[in-house]
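Participant: Feature annotation from Swiss-Prot assigns Zn(2+) 1 binding site to 155, 158, 212, 215. Residues or ranges marked as Zn(2+) 2 binding site in Swiss-Prot (evidence: sequence analysis): 172, 175, 198, 201. Summarising the annotation, Swiss-Prot assigns domain 'J' to 6-70. Per Swiss-Prot, the feature repeat 'CXXCXGXG motif' maps to 155-162, 172-179, 198-205, 212-219. Sequence annotations record features per position, and here Swiss-Prot assigns zinc finger to 142-224 based on sequence analysis.
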């Protein structure tokens, strides 16, 4: 089993990075490696690695434990975790079915002192992943979505044992229920014993003489499954929610796997968003900026009035407190940031031009106007008749 990389290293950060640095690094890397976007072979593994790192470092308690004890402080083998919302997850993966170091050692040397895996022990089913598309406003305020997907369910005909009703699986005659057999091989070091999966029962430890007519001996059947997902207010693009026991059926009576719902949020036509903060560019005429005005500003919570002071410059920022998105972990709403964008008028009529000339003259400005070309001048230019200066 590969050694886990340092979580700070995974996110490209130094130890002790701030919450904002952790969040920004996660958003950048989760988008880069998301399987829906990145089709490289190792993208899914990197995505899961990034998500796992963020799940720990974004939680103050887990981060403190990790900073003090490393992976030992957050390893799930040290205690179970409940379902919930966070940055951790992935699709089509499960840790069930992997033995420990003792199993690997035992498979090479056929040792009798190491522990063995019971092939008939309950095993959790595989996890699944589902992507939900959200409108910008749905992510802000939350919404209930009903999703449908196919998953492996426990076979209703045989109850999951794979045998025809009225019959039962029998202990494998070759491996005697262990799921593995010892094989003697000739190696450069001489003849050695190794352990491999039983070729009769394929590691299950059981033989099914009369398979179930529905699942054909697998114990599972593919079925459509429907789940209602309560999308929390303030969810961001790329974040995930774990729905416990909504994945695929387990084996030998093991629990269902989990479903990881990935949220993809559409862009807004007028707003930008960074976490709970929302940004809006406000178009303002130079007259409004010079003389001041009261304008209407759209927010996700409805229109509000904003006073523009006289002499406002382009690029000036105003803050509308509480008009941003809800903070996912509580603490109210973020703010909306309004940036003034000065609009220069085009296609002025003569009256407007005269007014501007008078304004410039009153201010002591000497403006050299650029004259527009007439129709015949443009025709000359098109046919190379423009005089060289």
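From the backbone N, Cα and C atoms, a Cβ is placed for every residue, glycine too.
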Participant: What else in the chain is close to the repeat 'CXXCXGXG motif' (212-219), if you only count residues 6 or more beyond its ends and a Cβ gap under 8 Å?
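Facilitator: Residues packing against the repeat 'CXXCXGXG motif' (212-219) from afar: 154-158, 160-165, 249, 251.
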Participant: Give me the long-range Cβ neighbours of residue 158 (Zn(2+) 1 binding site): same chain, 6+ apart, Cβ under 8 Å, in sequence order.
Facilitator: 164, 165, 212, 214, 215, 219
Participant: Going by DSSP, how much of the domain 'J' (6-70) is helix, how much is strand and how much is coil, in residues?
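Facilitator: Secondary-structure breakdown of the domain 'J' (6-70): 45 helix, 0 strand, 20 coil.
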Participant: Need the DSSP three-state call for residue 175 (Zn(2+) 2 binding site) to compare against my parser.
Facilitator: coil
Participant: In angstrom units, rounded to an integer, how far apart are the Cα atoms of residue 201 (Zn(2+) 2 binding site) and residue 155 (Zn(2+) 1 binding site)?
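Facilitator: Roughly 19 Å, rounded to the nearest whole number.
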Participant: For residue 155 (Zn(2+) 1 binding site), name the DSSP secondary structure in the helix/strand/coil scheme.
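Facilitator: Looking at the DSSP assignment, residue 155 (Zn(2+) 1 binding site) belongs to neither helix nor strand, so coil.
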Participant: Between residue 172 (Zn(2+) 2 binding site) and residue 155 (Zn(2+) 1 binding site), how many Å separate their Cα atoms?
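Facilitator: Rounded to the nearest whole number, the Cα-Cα distance is 22 Å.
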Participant: I need the CA-to-CA distance for residue 198 (Zn(2+) 2 binding site) versus residue 155 (Zn(2+) 1 binding site), whole Å please.
Facilitator: 24
